[in-house]
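Trainee: Could you have a look at this structure, given as structure tokens, before my questions?
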Amino acid sequence: MSGFTGFALRRTVSAVLTLLALSVIIYVVFYATPGNVAQITCGPRCSPEQVHQVAQQLRLDDPLYLRYWHFLQGIVAGHDYSTGTSVEHCPAPCLGLSYQSDQQVTQIILNKLPVSLSLVLGGMVLWLLLGVGTGVLSAWRRGRFTERALTGLTLAGIATPAFVIGLVLMIVVCGQLEILPFPEYVAFSDDPEQWMWGLLLPWVTLALAEAAYFARLTRASMLETLAEDHIRTFRAYGVGERSIVGRHALRGALAPIIALNANDFGSAVGGAVLVESLFGLPGIGQELVHAVTVVDLPVVVGMVLVIGFFVVLANAVADVLYAVADRRVVLA
Amino acid sequence: MSEALVATEVPEASVSGTSGARQFWRRLRAQRAAMVAAFVVALLVLVALAAPLLTALEGQDPTSYHPSLVDSARGGVPIGSFGGISADHWLGVEPQTGRDLFARLLYGARVSLGVALTATAVQVLLGVVVGVAAALGNRWVDQLLSRITDIIVAMPLMIMALALLAIVPSSFSRPVLVALIIGFVAWGTIGKIARAQTLTLKELDYVAAARLSGWGTLRIARRELLPGLAAPVITYAALMVPANISIEASLSFLGVGVKPPTPSWGQMLSSADVWYQAAPQYLLLPAAALFLTVLALTVLGDGVRTALDPRAASRLRIGTGRRQESKAGKEGSA
Amino acid sequence: MSLVHVTDLTVEFGDLRAVDGLSVRLEQGAALALVGESGSGKSTVASALLGLHRGTGARVGGSVEVAGVDVQRAPDDDLRRLRGGKAAMVFQDPLSSLDPYYAIGDQIAEVYRVHTRVSRRAARARAVEVLDRVGIPDAVRRSRARPHEFSGGMRQRALIAMALACEPDLLIADEPTTALDVTVQAQILDLLHTLRQETGMGLLLVTHDVGVAAESVDDVLVMRHGRAVEQGPVGAVLGAPAEAYTRELLAAVPRVDAPRTPSRASGEVVLEAKSLRREFGRGKKAFAAVDDVSLTVHRGETLGVVGESGSGKTTLGRMLVGLLEPTAGEVRHDGHARVGVNPAVQMVFQDPVSSLNPRRSVGESIADPLRARGERDEKRIRGRVTELLERVGLEGAHYDRYPHEFSGGQRQRVGIARALAADPRVIVCDEPVSALDVTTQAQVVALLGELQRELGLALVFVAHDLAVVRQVSDRVAVMRRGRIVETGPADEVYDNPRDPYTKQLLAAVPALDPRIAARRRAERREVAVT
């Protein structure tokens, strides 16, 4: 379908443009704030010399667009940083150097990324299963006790922030019942089984927090589809409830679920930050919170950009999937 | 449903003169859960407003340290049973500092509700202005504003908030800052809703009729479009308030949101896991307050949606349609 | 044993009694039409035949027996076997009646497999077979298409194919052609006729259109307020109605073959369109909805613009009043070229629901043109609006009421009052009566005629219904694909059409006399043009 390829292509271009715009906004917001950027970057305890040094390293004398251009160049082509005595090469994509550790930001992110990806992707599988499953069950058992109980549980899920769920789970499961050890990250390549056990509780926490939204949406869209005319047709032709709910109503709910999963990805990443902090998982979120507390701007900007990249990517993928799920979008 | 089948034949409602607002209240009152939730929300708002009065009644304030009430030898565990509950401190004291828990909980409600409502107001204002402008503007204006909205939607709120909170000097009032950040980073969805709804309304014949009457764009936007925008915007805003409460609590939990000495529920919870055995109420009270507030606001938000869009309500079966659908369910699965 | 045997059926929704003690009998292979206006309960009866009210909260009383199944008491499994197996239903809107996400062939196969234990493959083959049967060309390939890839007529054929799949004894068709253009309607009615002859199945047709009933059935039952008014052979009931309501209904039906007394038109041209063209979309997707249309409207006359959906008639109407700017050409008004809206040219809209702001009182809506003109004196505004309300047959006290308190016909009257408030010289009516019942339709048409005579108004009457257009128009323009194919005095165009498309349109209009209908059916086979 050539219309479809065209659509996917347009979507990719627009994703790249969005990302560029996002990088401009983020760069401007963080490096053009009123006040002495060098002072903020360096921290309150810096001496005037140190502040001056930072200002030079940040090229604060250059106009903003030049500095941004420089930043972009680093991402595309890499950079060489002189650290006084030696020259350090920072290969593309170079996001700069941390002010705290002088480490390359790209390297920091690459070190932390597996933890966060494990957490979010594993959690996503779980919350889709849990959320969509609950929604389907509610729509199928509508008007009965099962549905009312599930609706209550879903509301409770929405009313409890991720960190409260995690806190309670940790205290009950690990502290009181001692069913699971306190979560600890073990790399998948080291020991897949430990990797799974260590992430189980974080996954469940993240999934419980997100699943509630999916359960609500799935139930609502399925009920909406069930009220449509074509469902009436299949009823009038003696098609059974199982097929009506499982085949026709669920199919109608598919596109909105995909859309929500994309929209929700950003908030799920936020949830992941909380979960990492709570369980002490050494992921991007925990590093970001750390960088924010010590005001390590290059790390903050780099991480926000990388996370933004994933969110934009997720949105683009979801849009293409959405178009597949709802072909009328492309044709319209 | 076969209800839809027969709906076309039912003659049009011959209800006597009820305006939109009155109908809304009637439909809202018909929902028991929403009314209970509204009551809880009203109570919370009242408590938040009366926090100084209530704490004065107890004779405490949220910021005074009471080192004598905590056992510094044991790391700051409150002295006395149940986390230091006494006639002076109705809900006990905070571990380590000895600050009064009742007062901090009450003042926490002020912060929670205040931040969430301010943030929602900013979101609604920005979203509606940008959305309506995009829908009414020419192709280029629409393209520009829609792209901006897309970018805003792509920004992960928690991450942006975390990052932004890092660079603003700490002299800036934290609760206000948190509210503004949420408001400025998370208006994208409401902007999209406002644009889509305005585009729909714009095509309605009564807007064309207003144009034929000779009115200009501004007057038409004010008289014909904005009132039609109210329902979807209020519906969405009602569900954003609890979400914003969660965000504020999360940020404060991470230690970057509302900072001491200003009390916040999320911030109280950030160190609660260490103390849950010695002072369980230090964990349970803010968690319960948070849960109850978000729950009540969400249920109320659902109720508002049902009252504003009864058709969606009958689909979602919140309220009156329940009986009918339950029968349909039985038939289907028999 | 009768195919359908309904005795003393009542259906209640809450306080509303939609069907009130109705008894119907339909023999094997016979055809019966339930005819009535909206709210008469006719569709409710159709649903009751398949037990579709079960579980909806509606209270159903009396007895319903269809193909030997006691619908009221049968267990759910028996009822499901009846639905689609022995009695199949065809619905009004073919687009929304099919699942948008699955191929049409798969949907038919699914239904077929519910009733027969056959393989997926055999069911699919059966689907192709019935699609071919209802005249869908290249059925193997088309069976893989989804509903939105079909045209309206093709979709209705597909729904009929679904109904045929299990070879039912009874076909229930609920307004099967209401959403279709008149030429497509004729094709579908012809198809139903042929299928009935070939399969010998019974037909229960629900329709608001007396003409459609006359074309398709042997017996007719006229319904009103949930009760049977009159019942009998279609020729007898329509030819010599015994009941007052039936007579009233028939009198209100506009006739395509009745000439009209011309209005007192003068030679003065008030509105003129010169080579109007309007394009939508850009680049490759651009198409012209209206292409090189010129027309003139004289003071005091009615110009009818008739065409099927997609003919560009609504676009033309919107350009005439200035709501849309033409891509090329110009609209002249009193001899001057004009851009944008002008109070002297007003419009009455099709949809009585969306044409009034639900949040403003009708008085305020009518007062809009007065206020926009700069009138500030509240007393004078109120006085004028009251006068207008009374003029269109409403009460002055309705000023403060809201649109939802009015019926469709009343709302259309409010719309007319609003147009009059601007003191127009021309009113463009865009399908002003197509959303109304025939009796209401006749009243609104009569009102427009009165106002025209009284105020010397020029009317442009845009509609798809050929009979209504003939009833009101002095001159007629027939539109097709954005162009005017034929124009002239109404009687001339209707009685001696020159363009083949006009001929085809006229041949497709259902006749009220079954004998004429049969003759027309034969004629249609001859004039079939693309």
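Here the Cβ of each residue, glycine as well, is placed from N, Cα and C on the backbone.
Pasting the feature list from TrEMBL:
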DOMAIN    A:113-322  domain 'ABC transmembrane type-1'
TRANSMEM  A:12-30  transmembrane segment
TRANSMEM  A:119-140  transmembrane segment
TRANSMEM  A:152-175  transmembrane segment
TRANSMEM  A:195-215  transmembrane segment
TRANSMEM  A:257-279  transmembrane segment
TRANSMEM  A:299-325  transmembrane segment
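A description of the local structural setting of each listed feature is requested, covering burial, neighbours and distances.
Mentor: Non-local neighbours of the transmembrane segment (A:119-140) in the same chain are 146-147, 150-151, 153-154, 199, 202-204, 206-219, 222-223, 226, 241, 245-246, 249-250, 253, 257, 261, 268-269, 272, 275-276, 281, 283; each lies 6+ residues outside the stretch with a CB under 8 Å from one of its CB atoms.
Same-chain residues lying 6+ beyond the ends of the transmembrane segment (A:152-175) with a Cβ under 8 Å from its Cβ atoms: 134, 138, 181-183, 201-202, 204-206, 208-209, 211-213, 215-216, 219, 271, 274-275, 277-279.
Away from its own ends, the transmembrane segment (A:195-215) comes close to residues 118-120, 122-124, 126-128, 130-132, 134-135, 138, 150, 154-158, 160-162, 165-166, 169-170, 173-174, 180-181, 183-188, 257, 260-261, 264, 267-268, 271-272, 275-276, 278-279, 281 of its chain (Cβ-Cβ under 8 Å, at least six residues beyond either end).
Remote same-chain residues near the transmembrane segment (A:299-325) are listed as 4, 7-8, 11-12, 14-15, 18-19, 22-23, 26-27, 30-31, 95-96, 98-100, 105-106, 108-109, 113, 254-255, 258-259, 261-263, 265-266, 269, 284, 287-288, 291-292 (criterion: CB distance under 8 Å, separation of at least six residues from the stretch ends).
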Trainee: State the non-local partners of the transmembrane segment (A:257-279) in its own chain: residues 6+ outside its ends, Cβ under 8 Å from one of its Cβ atoms.
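Mentor: Sequence-distant neighbours of the transmembrane segment (A:257-279): 115-116, 119-120, 123-124, 127-128, 132, 161-163, 166-167, 170, 182-183, 201-202, 205-206, 209-210, 213-214, 217-218, 221, 285-286, 288-289, 307, 310-311, 314-315, 317-319, 321-322, 325.
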Trainee: What residues elsewhere in the chain lie close to the transmembrane segment (A:12-30), defined as a C-beta under 8 angstroms and at least 6 residues from its ends?
Mentor: 64, 67-68, 71-72, 297, 300-301, 304-305, 308-309, 312-313, 315-316
